[in-house]
Amino acid sequence: MSGPLPPSAGRRAAAVGLPLAAVAAAHIGPAVTWLPAVRRRLFPGLDGTGHPRHIALTFDDGPDPVSTPRFLDALDALGARATFFVLGDAVVRHPAVVRETVRRGHEVAVHGWSHDRPWLPTPAGDVLALRRAVDAVQDVTGSGPLWYRPPYGILTSGRWAAARAAGLRPVLWSAWGRDWTARATPASVRRTVEADVRGGGTVLLHDTDRTAAPGCWRAALGALPELVAGWRAAGLSVGTLSEHGTAAVRATVPGAASATAGARSSPVPGRTGCR
Ligand SMILES: [Zn+2]
């Protein structure tokens, strides 16, 4: 899952006079938030823990003109609402999909402008990119988003600062479906989610294959009916993050109060959860 920085990142760091080990060490603190155990212990609330009788259902990487409408239909059939973390560069290409998402009663949140990995600190760029994504969502939906989940769940210092500047609350997830792989099936997605999710959990799925194996969104879509039925049978309600009662998360890195946003932001090891 995680791994060393690639040679290209090392070359870029060397080119700007930054010792790679120092760069990595300075930024690994905030970035390890993608590790669920670390997240639960050090950043309560960041994993989306909410009301114990509620499940927050979330989807990342859209909007997608082909697959997102299929999820909207499935959620309508289930009578369930969810939070969709969208990418700004797709919002401007497919605004009608986003408007329809809101019209169906769902919540739209921000996943970033594009789906990139933050190999090197770009704090000013982080602020501009997130602001641009927020503006895109606001222009299309008519209201400002509340939540931010960075691509790959990598919350660098720069991204924390950008979220704070944009007035967004960072939130990751407490269970995922590993629905991004070519081998994912509805059954595997359901098993994977159910292994980790408890009442009060936030579930991460994807409504597009934009950054995943082609067509893998069908596994998440196929898992939905039984997942929702199972939660309801257990006495849990399903809905958006805003209905979830999630604990407030300050968009500040604990222990980093003396660091400036410009001095920290971060490259981070390889692949993580959200694709
Ligand atoms: Zn993603």
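From the backbone N, Cα and C atoms, a Cβ is placed for every residue, glycine too.
Keep in mind that TrEMBL annotations are predicted by a computer and have not been checked by a curator.
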Worksheet entry | Candidate ranges 176-195, 196-215, 256-275 [criterion: TrEMBL lists as region 'Disordered'] | 256-275
Response to the item:
Rounded mean pLDDT within the domain 'NodB homology' (53-239) lands at 96
